[in-house]
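According to Swiss-Prot, the active site, proton donor annotation covers 221. The annotation active site is assigned in Swiss-Prot to 243. Residues or ranges marked as disulfide bond by Swiss-Prot on the basis of similarity to another entry: 44-62, 223-239, 348-353, 372-381. Residues annotated as repeat 'PbH1 2' in Swiss-Prot: 207-228. What Swiss-Prot records for 253-279 is repeat 'PbH1 3'. Here Swiss-Prot flags 1-16 as signal peptide.
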């Protein structure tokens, strides 16, 4: 601001030199509008109960936005959509959210070349226990989704710590070339009495070139669920307490293609299953070029590895509308909690699962299924 005031003063001086005032008619010069100058500031800090509304209104006037101990009012989104190219958003302290039954999101970010990060002490606290009722998104209280990373291009989200989300956490949709690093979601409080549900870590749809590394997800649903998209990479992460690493469910959406996905170097702990591909009975789409590599898991409760082409109605014969091809498992080692866990279960439609390659796959401690259907050549449910 000081530099801008100096510039204004210099311009006024130049005008005075070029056009000397008539002593009989002295020139009157208006003072600069201080409020206007403030709006041009490149670094903006917003805090407290008015921080969210002020940030949403002033976001395009700032190249760097600090959100310091912001208290977002109930039923309100911390709206950082349509940011100017290159905007840098930094969370400081504790961001909190008022209570209301609504769908959310609590936070929304979109734009090009955007960086969103949290300082070392920053936490986005959803205080989800106010909504948790064991129903998740399937009934009971209407619960707000947490963080929409929609329509982001060539952007980065890093060092974000989210605590106790009411329901799903990150929704990644319509984004391209997005990198997410060192994301922590801690919903362990929701394990009490199984009150938290549908607290997916990352739901990905209609997005390309998404890279997620260094995540730690403690939740009660999919750690990652890729419903559609291409060129997606998830690595060097820990998933605990949820439903593991999932493709799908695929089908029933505008975009039902999943292609070129890699999960690498992930530990899956105490989850329903470690590896899952689920496609919708009777729908169409495709799943291809999916690789799980160097995955370690322990104490799976329901399945070690499960592939279902009748996900929404397992009583029906799997259908062929969403073929699963070029599916690679390499160096997968894990354990089931007990015999109630099925080590491997495959339910494919007739001829709709092909070109699978599994090497170095070991699942122990559970039961072996004798109900697998249309298992591809070279693959077995009895490892």
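In case you wondered, yes, glycine gets a Cβ from its N, Cα and C as well.
Note that the coordinates shown come from a computational prediction; the quantities given were computed from them, not determined experimentally.
With DSSP classes pooled into helix, strand and coil, the tally for the repeat 'PbH1 2' (207-228) is 0 helix, 13 strand, 9 coil.
Restricting the recorded positions 44, 62, 221, 243, 372 to those with a CA within 10 Å of the CA of residue 348 (disulfide bond) leaves 372, listed by sequence position. Through the fold, the repeat 'PbH1 2' (207-228) approaches residues 136, 165, 168-169, 172-188, 190-191, 194, 196-201, 234-250, 253, 255-258, 261, 263, 268, 271, 285 of its own chain, all at least 6 residues removed from its boundaries and within a Cβ separation under 8 Å. For residue 44 (disulfide bond), the same-chain residues that are 6 or more apart in sequence and have a Cβ closer than 8 Å to its Cβ are 55, 58, 61, 62, 64, 65, 66.
Within the same chain, the residues at least 6 positions away from residue 353 (disulfide bond) whose Cβ sits under 8 Å from its Cβ are 307, 309, 323, 324, 325, 327, 346, 374, 375, 376, listed in sequence order. A 10 Å radius around the C-alpha of the residue listed as 'active site' takes in these recorded positions out of 221, 223, 372, 381, in sequence order: 221, 223. For residue 381 (disulfide bond), the same-chain residues that are 6 or more apart in sequence and have a Cβ closer than 8 Å to its Cβ are 343, 344, 345, 346, 368, 369, 370, 372, 375.
Sequence-distant neighbours of residue 239 (disulfide bond) (same chain, six or more apart, CB under 8 Å from its CB) are 201, 215, 217, 223, 224, 245, 266, 267, 268, 269, 271, listed in sequence order. Neighbour counts of Cβ atoms within 10 Å were compared for the disulfide-bonded residues 62, 223, 348, 372, and the top value is held by 223.
Across the range of the repeat 'PbH1 3' (253-279), the DSSP-based residue counts are 0 helix, 18 strand, 9 coil. Per-residue pLDDT, averaged over the repeat 'PbH1 2' (207-228), rounds to 99. Listed in sequence order, the residues of the same chain lying 6 or more apart from residue 221 (active site, proton donor) and placing their CB within less than 8 Å of its CB are 136, 168, 197, 198, 199, 200, 201, 242, 243. In the three-state DSSP reading, residue 353 (disulfide bond) counts as strand.
All protein chains considered, the CB of the residue listed as 'active site' has 26 other CB atoms within 10 Å.
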